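As recorded in TrEMBL, the features of this protein are as follows:
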COMPBIAS  1-11  compositional bias 'Polar residues'
COMPBIAS  22-32  compositional bias 'Low complexity'
COMPBIAS  33-44  compositional bias 'Pro residues'
DOMAIN    65-123  domain 'LIM zinc-binding'
DOMAIN    124-183  domain 'LIM zinc-binding'
DOMAIN    184-243  domain 'LIM zinc-binding'
REGION    1-45  region 'Disordered'
Amino acid sequence: MTTTMKVQQLPQGAPPPPTYIPNPSSSAHAAPSPAPVTPSPAPFTPVARGVAQRAERFAASSRTPLCGSCNGVIRGPFLSALGRSWHPEEFHCHYCHMSLADASFVEEQNNVYCENCYEEFFAPTCARCNTKIMGEVMHALRQTWHTTCFVCAACGKPFGNSLFHMEDGEPYCEKDYISLFSTKCHGCDFPVEAGDKFIEALGHTWHDTCFVCAVCNVNLEGQPFYSKKDKPLCKKHAHAINV
C-alpha cells in the first residue's frame, strides 16, 4: 500500500511548521502526536435577502485565517460570517459602524448592516400593514408583503406558494374563489372552468357532457329536448312519469 501526503500551503505570514526531531533513544521512528482538533467554521449557506444573521465566534488557535475586511492575518480570536473570517473589531455596520461581533446583521449589496440601518435604508414596506419587512418577503401584484399579510380575502389564510385568484381587486384562495365566484354546472355541481365547453339551458349552466336526458343519459347537446321538473329529457322520454 502506498500512502501519499498532500502538503497544504500555509497562509502568508503564518508561523512555519514545527521541525520534526526523531527520538534519539529509539531506533524506530516514533509516531507523531495527533494534531489538536481546531473547530472550523461551518460551510456558508446563503440566506434570503433581509434575513438577520449572527457571526460565530472562534477562539485563538494555530489556524490563522485572513480577515475579510483588512485582508490581514488573524492571530487571535476571530469571527466567522458570510463564509469569511473577520477581526472582531472590524466586523461592524457599513453605515453607522456599530460593532456586529455580538449583534444580528443583515447583508445587502455585499456589505453588512445592523438591523436598524437595514430597516431604515433597504427594507421594503408591506402593502397591507405598511410596516417595514425584516426577513422573508412575498412579492405579488407588483407589491411587497409580509408572508403573513398576503392572505385570502375570505378565509384569511396566508397563500404561501399556493395559487390565488383575483376578484374585484382582492386575492382569494382557490377553494374560496370557486365557492364564491365560479359558475357551477347544474348537472355535476363542479365548476365550469375557463376553456370548458358549456351549455346555457333551462336557466342554468351545464358542461356539454353533463347536459343529458334525465332518464336514459343520452347527450342532448345540439338536440331538441323537453323538460320536466327542471330536468332535460330526450324526445323518447318526454312524457316519462318518474323523473
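Going from the start of the chain as shown, residues are counted 1 onward.
Here the Cβ of each residue, glycine as well, is placed from N, Cα and C on the backbone.
Please treat TrEMBL annotations as automatic predictions, because they have not gone through curation.
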Report the DSSP secondary-structure composition of the domain 'LIM zinc-binding' (124-183) as helix, strand and coil residue counts. 8 helix, 20 strand, 32 coil
Note the mean pLDDT of the domain 'LIM zinc-binding' (65-123), expressed as a whole number. 95
As a quick check of your reading of DSSP, tell me how many residues in the domain 'LIM zinc-binding' (184-243) are helical, how many are strand and how many are coil. 0 helix, 18 strand, 42 coil
